[in-house]
Amino acid sequence: MSGLTHFDAAGHAHMVDVGGKQETQRIAVARGTIRMLPATFELIRDGKAKKGDVLGVARIAAIQGAKRTADLIPLCHPLALTRVAVDFELDDALPGVHCIAQVETFGRTGVEMEALTAVQVGLLTVYDMCKAVDRGMVIGDVSVTEKRGGKSGDWKAQA
């Protein structure tokens, strides 16, 4: 298990010690998609969902999700985030919605988990607010698309 940082030599899970790492600017971007029926897409696009502003509520939920990541992922370090930006892109061709989250901090560990959690919580909120009209929505294609900072350097997913 030498390549997995969250396990010790005996194979027991532990929280990684980041105390000796240098503090640097850390940035991560993640994205994901929720696919839905055309009628559901139209409700969101036209702002006519019964529960209100779907994407506005989902944006706040995504930000809250990023802030609460350490409460949800057992071995994730609690971080003082300096920025969480969440955007939604409507995609007529799917039909569906893409969620993109960029999370930043100045610290000793990356913010990939916070960006992924923001995207998932944002998309789950879209599902929650629209499930009365479309229980068949599908969340998928969630991934980190970019990370910057830290000892391992910068990384960007292949397009």
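A Cβ is built for glycine as well, from the same backbone N, Cα and C atoms used for every other residue.
Long-range Cβ neighbours of Asp128 (active site) (same chain, at least 6 residues apart, Cβ-Cβ under 8 Å): none. In the three-state DSSP scheme, Asp128 (active site) falls into the helix class. According to Swiss-Prot, the active site annotation covers Asp128, on the basis of sequence analysis.
The substrate binding site feature in Swiss-Prot is assigned to Leu75, Cys76, His77, Met113, Glu114; the stated evidence is sequence analysis.
What surrounds the substrate site, by Cβ distance within 8 Å of the Cβ centroid and not counting Leu75, Cys76, His77, Met113, Glu114, is the set Thr69, Ala70, Ile73, Pro78, Leu79, Thr109 from the same chain.
Cβ neighbours of Glu114 (substrate binding site) (same chain, under 8 Å, six or more residues apart in sequence): Ala28, Ala66, Lys67, Thr69, Leu79, Leu81, Val84, Val103, Thr105. Its own atom aside, the Cβ of Cys76 (substrate binding site) has 18 Cβ atoms within 10 angstroms in the protein chains shown.
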